[in-house]
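Copied over from TrEMBL, here are the features:
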BINDING   GLY107, VAL108, ILE109, GLY110, ASP111, THR131, SER132, LYS144, LYS153  NAD(+) binding site
BINDING   GLU186, HIS249, HIS267  Zn(2+) binding site
DOMAIN    70-180  domain '3-dehydroquinate synthase N-terminal'
DOMAIN    183-332  domain '3-dehydroquinate synthase C-terminal'
Amino acid sequence: MEKTVHVDLGDRSYDVVIGPGLLEQVGERVTPFLTRQRVVVVSDENVAGLHLETLRTGFASAGIEMEILALPAGEATKGWPQFSRTVEWLLEQKVERGDIVVAFGGGVIGDLVGFAAAVLRRGVRFVQIPTSLLAQVDSSVGGKTGINAPQGKNLIGAFHQPSLVLADTNVLGSLTQRDFLAGYGEVVKYGMLGDAGFFQWLEQNGPALAAGDMATRVEAVTRSVQMKADIVSRDETEQGDRALLNLGHTFCHALEAATGYSDRLLHGEGVAIGCALAFELSARMGLCSQEDPSRVRAHLKAMGMKTDLGDISGELPDATTLVELMAQDKKVVAGRLNFILARGIGEAFVTADVPPEAVLAVLQDALER
Ligand SMILES: NC(=O)c1ccc[n+]([C@@H]2O[C@H](COP(=O)([O-])OP(=O)(O)OC[C@H]3O[C@@H](n4cnc5c(N)ncnc54)[C@H](O)[C@@H]3O)[C@@H](O)[C@H]2O)c1
Ligand SMILES: O=C(O)C(=O)C[C@@H](O)[C@H](O)[C@H](O)COP(=O)(O)O
Ligand SMILES: [Zn+2]
């Protein structure tokens, strides 16, 4: 059942290994990258509580010692205080340039630890062991690392590719339903942005995936990672095509900032709502048919996901404030925001040609629904 996707980036190339039971084999898998029999692992308290002993045994079976730092779980961790704590801990551990730092957790841990590895002694290698669905299909691959700033999402960071990604699909079994579905927001994004056949496959197989069928999980993670690997190999630092992976994210990041990076809105939930809004905007601009946003929303709803601004608990700012929050987006060029829109499901494209009043109107209507 095991699959390997190769991310082709010249001397920064690496494998993403996907399948059940990889934690138990972690020692033998990581050994080729080590210069000494020791790793430092950064995780979060939830993941450490559930899976750390399996990881420790996996390393010990290859004679590898492991030191561990467990950070608080959740998006609020992805900021300066826990970042500087992590860098200082890594220095206290006397991590050498030749060592491997292991990020063991969801996207929050992967992004923060990857960025710590990027700046530690001007760059040490790291291995991603993603434990959430979101991290397995998206954040562990492609080398975008970083933390949030008060001014906006992921505004401080670096491109730093991992040396290896081990996505053990067994660990997905301990995710809460909410965290699993948040990860599904990024899975379905791949279908919407570039593979109508995958979207259709998800309409049929999404329920089996959510129910825990292992072959379906391996297939969904592998197809997602393959698509991301292909895009990242073409455009590592987002000069063009990579922005397609940002479908739904301009809306999502503004909503995450507006909800204070709290558990009112998880990243993947914001991606699902953002994709629904991007398709709505595309239809209103006459780019795709009105059936496309309806089909997107119908599938998200069938999976039990958030699709509307009204699904977010508590008050939201008005549409003008949300548009102002979008101004910090990394896709702004010469003061003009680039959007990812779609000509249909699986046919996304990048454009700067979006009237601001159309964005405002979509948000105003969405806030009133
Ligand atoms: N770098 C990228 O390319 C990229 C891509 C997508 C998302 N992201 C970032 O990823 C973050 C979201 O990632 P996430 O959804 O994994 O969030 P997360 O890391 O906060 O994990 C979600 C929750 O699931 C828990 N968890 C993780 N694995 C578990 C397991 N196996 N069993 C039980 N609980 C588990 C965590 O403790 C946490 O409470 C955001 O900050 C987002 O910006 C980055
Ligand atoms: O890898 C990418 O490129 C992505 O855009 C993937 C997104 O799912 C992810 O949320 C990413 O962190 C967003 O990047 P940003 O540059 O818009 O912060
Ligand atoms: Zn994302």
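The backbone N, Cα and C atoms fix where each Cβ goes, and this holds for glycine too.
Overlay of TrEMBL feature records on the structure.
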residue : record              : CB count, 10 Å
GLY107  : NAD(+) binding site : 26
ILE109  : NAD(+) binding site : 32
ASP111  : NAD(+) binding site : 25
SER132  : NAD(+) binding site : 28
LYS153  : NAD(+) binding site : 24
GLU186  : Zn(2+) binding site : 28
HIS249  : Zn(2+) binding site : 25
HIS267  : Zn(2+) binding site : 26
Zn(2+) site, defined by GLU186, HIS249, HIS267: further same-chain residues with Cβ within 8 Å of the Cβ centre: LEU134, ASP138, GLY185, LYS189, GLY248, CYS252, GLY268, GLY270, VAL271, GLY274
By Cα-Cα distance, the member of binding-site residues GLU186, HIS249, HIS267 nearest ILE109 (NAD(+) binding site): HIS267
Helix, strand and coil totals (DSSP H, G, I; E, B; other) for the domain '3-dehydroquinate synthase N-terminal' (70-180): 49 helix, 33 strand, 29 coil
Nearest-integer angstrom distance between the alpha carbons (Cα) of HIS249 (Zn(2+) binding site) and LYS153 (NAD(+) binding site): 10
Candidates near ligand 2 among the binding-site residues GLY107, ILE109, SER132, judged by a Cβ under 6 angstroms: none
Integer Å distance between the CA atoms belonging to GLU186 (Zn(2+) binding site) and LYS153 (NAD(+) binding site): 17
Separation of alpha carbons, HIS267 (Zn(2+) binding site) and SER132 (NAD(+) binding site) (Å): 12
Cα-Cα distance linking GLY107 (NAD(+) binding site) and GLU186 (Zn(2+) binding site), given in Å to the nearest integer: 12
Assigned element (helix, strand, coil) containing HIS249 (Zn(2+) binding site), judged by DSSP: helix
Model confidence over the domain '3-dehydroquinate synthase N-terminal' (70-180) (mean pLDDT, whole number): 98
